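To keep things clear, I will list the structure first and then write my remarks on it.
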């Protein structure tokens, strides 16, 4: 929703004929206003407004100590994350989705301009449709996260990735075997991609990190996922250059394979995550065990 609002906001200003200088000035002023609003309204903790803090998720990797707000050492934060196979599987899954999302943000408008001979405003509508459908998907993902157990939610989100792979395959086929000039066909498929992509994309650096890291390391988990995945998303530039020089079917084909790999890794993550949770419930994690001083 925020992305759609921002694109519509600045797209409308650009349609009015404002230049880059005016757009940058308005962007800075808008950021300043929202910063003031955040400073005046946002608080660092629910306790600051008289509401008690919620308990950490019972399946967090730090166990009972996950309810503490601050770690005692950096090892207590990083070791549970880096020694978890589920984390690395989740990182690969998230990186594939991050790259796909970045490609849509960077190249959707140019794709619609080239393939459908549409105007700038209609091409921007394709990106807005992507974000609106994505916003609906995020709401559904949040509802499913609250409604179902973690494993079932992960499996449902993996189905979203499979749908995304199918939609990207359709884009690849219509660009290699057919000449679809109707811009609204492309916009509809792009909207479906936004719906299938944004829901699963919204969970790893948000709800999943909170569940995984508890109060003590959820921010670190989220930062690691976002930071490492954003490095992978830098491939968007070379992929877009490949599309403009060789053909858009190559871009959509590569993203189709990427989405399918994210589907596979999401399933593997769900299975491994459940195994690690069960192993933790059966005993104290190794990094929290006290050394045995009775060894002769």
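All positions are counted from 1 along the displayed chain.
Including glycine, each Cβ sits where the backbone N, Cα and C put it.
Nobody curates TrEMBL annotations by hand; they come from automatic prediction.
Quantities reported herein were computed from a predicted structural model and do not represent experimental measurements.
Annotated in TrEMBL:
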- 23-42: transmembrane segment (TRANSMEM)
- 77-100: transmembrane segment (TRANSMEM)
- 120-144: transmembrane segment (TRANSMEM)
- 156-178: transmembrane segment (TRANSMEM)
- 184-203: transmembrane segment (TRANSMEM)
- 224-244: transmembrane segment (TRANSMEM)
- 250-272: transmembrane segment (TRANSMEM)
Task: Cβ-Cβ under 8 Å with the transmembrane segment (77-100): same-chain residues at least 6 beyond its ends - done: 61-62, 71, 161, 164, 168, 197, 200-201, 204-205, 208, 212-213, 216-217, 220-221, 224-225, 228-230, 232-233, 235-236, 255, 258-259, 261-262, 265-266, 268-269, 272-273, 276, 285-287
Open item on the list: Can you tell me which parts of the same chain pack against the transmembrane segment (120-144), counting only residues 6+ beyond its ends and a CB-CB cutoff under 8 A?
Closed with: 1, 3-4, 7-8, 11, 15, 104-105, 108-110, 112-113, 153, 156-157, 160, 183, 186-188, 190-203, 207
Task: Outside the transmembrane segment (184-203), six or more residues from its ends: residues with CB under 8 Å to it - done: 94, 97-98, 100-101, 104, 108, 111-112, 115-116, 125-127, 129-138, 140-142, 145, 157-158, 160-161, 163-164, 167-168, 170-171, 174, 259, 262, 266
